[in-house]
Amino acid sequence: MEIFNHDSNIPFLGMRKFSIAIALFLMVASIGLIATKGLNYALDFTGGVSMVIDYDQSVEIADVRATLEKGGFDHAIVQSLGGTREVAIRMQPKEDQKAVDANGKVNLDLISADVLKTLHVARADAKLKSRELVTAEVGAELKSDGTVAAVFVILGIMAYLWIRFERRFAIAAVATEIHDVLVTLGILALAQREFDMTVLASVLAVIGYSINDKVVVFDRIRELFRLARKAEPEEILNRSINNTLSRTIITSLFTAITMGALFFFGGTAVHGFAVTMLIGIVVGTLSSIFVASPILLWLGVSKKDLMPVTRENPELARRP
Amino acid sequence: MSDFPRWKYALVALMMLFGVIYALPNAFVPVPAVQVTANRDAPPIDQSLQQKVQAALASKKIAVSNVVVEGDHMLATFTNSDVQKSGADVIKAALGDGYTVAFKLQSNVPGWLQAIGARSMPLGLDLQGGVHFLMQVDQNDAIDKQENSYADDIRSLLRQKNIRYESVTRNAVRDQGIAVILRSAADRSTAADAIGNEYTDLNVGNGANTGDRFVLNVVIKPEKLRDLSRSAITQNLGTLRNRINALGVSEPLIQQQGESRIVVELAGVQDPAEAKKLIGAVATLQYRPGIGQAGDPQAQEAARTGNIPPDANLYRMRGSNLPVLVSKQIIVTGNQLVDASSGIDQQSGTPKVDVTLNAAGARKMGDFTNANVGKPMAVVYVEQVYETKIVDGKPVRVAKVTETVINDASIASPFSKQFQTTGLGSAKEASDLALLLKGGALAAPMDIVEESVIGASLGKDNIDKGFNAVLLGLALVLLAAAIYYKLFGLVADIALFFNLVILVAVMSLIGVTLTMPGVAGIVLTLGMAIDANVLICERIREELRNGSTPHASIRAGYEKAWSTILDANVTHLIAALALTTMGTGAIKGFGVTLMIGILTSLFTSVTLTHAFTALIHGHRKLKTLSV
């Protein structure tokens with residue numbers, strides 16, 4: 001079975017002005033969204049108190065919110081956890097003055113007992129399923145750790161590609177990676193999806209996933225340059241994208257299938273992870289096809305740049 | 001003909017076997033059990049106790065699957081966790097406080113698997129419920145203590161060497177050390193030599209002079225400070241372990257995270273209040289004058305009649321349980337104890353414990369022992385323990401302070417800063433005493449910076465959902481690959497299945513704790529592992545289209561795809577590696593899973609599929625390929 005015409009020769013590079021313009025626009029828009037709307041940081045980053053409440057019968061989010069406001073918890077954030085019987089409540093500990101002692105120590109048990117008491121006024125079937133307290137300090141650390149990890153990944157990948165391929169490939173890959181991360185974060189900011197620890201893990205995994213795609217295309221570019229007698233860069237790049245198109249899309253589909261399974265059956269704990277990964281797969285696949293190669297062409301890749309490596313290093317030349 | 005070497009077939013077969021065997025333990029669902037261990041002073045666990053437990057359970061009509069005595073503990077297994085809970089309550093009530101009753105998930109893995117080191121993956125809290133604490137160790141307190149103690153020591157040293165000084169004070173800013181102010185430059189240089197020779201862990205330097213005040217700056221060496229904070233964490237970990245064992249949680253996770261944090265995870269515990277009390281509890285030591293010997297007529301009399309002299313307390317000796325009278329006067333407390341270590345006394349050849357006190361403690365100890373040679377001195381261990389009482393028919397745990405005498409010996413000669421307790425029964429007794437002396441208190445106070453309680457039902461939910469997601473993800477990819485790549489797809493399916501098996505096997509063998517992000521990592525690995533096969537299959541199709549023969553196409557497909565697969569996986573591995581450097585447990589678990597997954601998938605989707613392809617096509621003449 002084949003979905004794609006293997007002789008396809010879609011002029012992807014021909015539309016490079018168009019595609020790069022869109023990519024640039026998306027990046028700028030994403031930066032704008034992250035700057036203005038901001039990411040909807042979860043407890044893991046902001047610090048605070050969170051509780052998961054389970055009801056025996058279905059419940060309206062608005063009712064829970066109203067009950068909490070009546071009880072004096074004005075700034076509590078109530079979210080549904082999928083289904084109608086489970087809600088998550090998030091708040092800063094200062095909502096419950098009694099539970100914070102003179103040293104700023106927070107008594108989680110007291111807060112959750114107060115919240116449950118408030119909820120029981122309206123509904124007796126509310127049950128506390130889990131509760132969590134994160135101090136702001138730990139949250140801030142996670143943010144900086146996450147940034148450091150992302151920078152480490154990007155630099156590590158750049159170094160590897162620089163050695164295995166060539167400078168231009170490394171730069172093109174990293175530029176596209178930054179595009180992918182920014183656009184993924186931008187979509188998360190636009191949708192105001194909760195950004196928690198698993199989503200951070202997912203964003204870092206997106207980097208790993210989308211670099212895979214780029215490397216496959218780059219590998220083909222290198223191979224075709226070395227094989228071709230008369231190497232017109234634009235034509236080689238275009239042929240490489242077309243040759244690997246089937247693989248790019250099939251792999252994306254397969255990975256998307258598993259993430260879909262995770263989204264629909266994995267429960268709320270991994271929702272954010274699966275959604276972020278799905279966004280990342282779409283963005284990464286599109287950028288592998290439309291963004292990475294135009295940047296490479298623009299940087300001026302040529303047959304000459306790829307050949308010396310083989311002369312200097314005969315071992316590399318033997319490799320397929 | 002096949003160009004696939006024989007040793008690679010053997011390797012593939014071995015890896016498949018390894019995967020199946022070491023992943024197998026995860027198929028055995030552990031059974032809920034209650035573990036009973038004897039406390040220090042309680043009679044050991046034996047057949048009669050086993051019968052007592054069986055009788056108690058039978059009288060309350062609680063179905064128990066099995067009650068066995070295994071070495072120093074007893075294990076009662078139940079069919080489900082509800083019965084387990086009521087069973088534990090009954091056992092607690094029947095046995096009293098002499099025994100610790102803990103919930104446990106008893107592994108059901110057959111003995112032959114355990115014998116070769118195969119075990120199931122430990123489950124994270126999000127998969128089984130429990131409480132999680134992240135605690136920040138306050139290193140500053142340890143530094144304060146140490147600087148204060150050095151300031152004391154320097155004062156005594158200067159007095160002892162007859163060096164006149166104006167003051168010895170700690171700088172207001174922490175880490176800035178101690179300022180010693182002397183009256184002359186000559187005094188300063190003698191003081192500097194004396195301090196430098198006596199305390200090698202200190203750096204001594206001249207400060208700015210003002211008039212007749214000659215300043216000497218004394219700072220603790222950085223490497224000593226590092227040692228200090230390391231040992232503060234180690235001691236806190238040890239103390240926490242002792243205390244949490246008393247809570248009756250089996251297999252608690254207590255480990256260091258980063259430089260100054262400690263993670264505590266107690267599976268199955270739903271009430272963090274009790275755990276928090278215990279973590280914050282303070283066990284202390286008191287050195288007090290003894291009155292008579294343990295078990296002498298006076299003490300026996302007091303124990304029998306209850307007539308205790310007004311200036312004394314009646315305690316029991318730990319171990320022998322003999323009554324002993326101890327004066328209410330406290331000479332030195334555990335806070336003044338700097339170190340305790342066990343060893344062998346050179347003169348008598350008997351086990352001993354060396355104790356070091358700080359300057360303040362040493363002074364008091366010196367004063368007391370000078371005046372009381374030949375008289376007994378007792379070490380009283382004050383500890384908060386929990387006991388179960390039946391209130392209104394329900395078992396309730398209440399905190400209680402217990403005081404026991406752990407050692408009562410005569411003072412042989414006056415001593416102060418350093419002394420030893422000799423004449424201990426065995427080397428184990430000596431090391432136990434040293435641990436008790438040292439381990440009573442936390443080296444540095446701790447703050448809880450993160451706390452979460454995960455309900456048991458949530459854990460059960462997560463594990464079911466996670467399992468479904470893995471199975472469904474796998475099934476869908478298997479189906480899609482088989483449809484799209486036909487026979488080669490089926491081979492890739494075998495590889496993907498074994499990738500899951502070997503991944504689980506490696507994770508089990510290493511002992512990676514499985515969490516929900518870990519499950520997400522497994523699912524993602526399944527989705528991405530197929531990529532290598534897609535690359536190979538696409539290459540083979542291409543070669544066929546270019547007119548190569550089937551065998552040549554297979555060979556070229558694998559050869560040409562290899563460099564791409566390698567590059568793609570190395571870059572992916574770099575990303576996974578970065579995830580594992582994150583300190584946080586959940587992300588780390590995901591990163592580790594991803595990393596192992598990339599490595600196993602490299603093997604299964606290239607080597608394993610090549611073996612199968614060679615096996616299927618190797619010895620046949622082929623006209624077409626089913627790809």
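Placement of Cβ uses the backbone N, Cα and C atoms for every residue, glycine included.
Per TrEMBL, the features are as follows:
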- B:1-102: domain 'SecD export protein N-terminal TM' (DOMAIN)
- B:233-288: domain 'Protein translocase subunit SecDF P1' (DOMAIN)
- B:315-444: domain 'SecDF P1 head subdomain' (DOMAIN)
- B:447-614: domain 'Protein export membrane protein SecD/SecF C-terminal' (DOMAIN)
- B:467-487: transmembrane segment (TRANSMEM)
- B:494-512: transmembrane segment (TRANSMEM)
- B:518-536: transmembrane segment (TRANSMEM)
- B:570-587: transmembrane segment (TRANSMEM)
- B:593-616: transmembrane segment (TRANSMEM)
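The stretch with the most CB contacts under 8 Å to the transmembrane segment (B:518-536), chosen from B:467-487, B:494-512, B:570-587, B:593-616, is B:593-616. Each residue in the domain 'SecD export protein N-terminal TM' (B:1-102) has a pLDDT score, and their mean in this model is 84. The residues of the domain 'SecD export protein N-terminal TM' (B:1-102), classed with DSSP into helix (H, G, I), strand (E, B) and coil, number 53 helix, 22 strand, 27 coil.
Non-local neighbours of the transmembrane segment (B:494-512) in the same chain are 15-16, 18-23, 25-26, 117-122, 470, 474, 477-478, 481, 518, 522, 525-526, 529-530, 533, 589, 592-593, 596-597, 600-601, 603-605, 608-609, 612; each lies 6+ residues outside the stretch with a CB under 8 Å from one of its CB atoms. Taking Cβ pairs closer than 8 Å, the transmembrane segment (B:570-587) reaches residues 124, 257-258, 263, 515-517, 528, 594-595, 598-599 in its own chain, all 6 or more past its ends.
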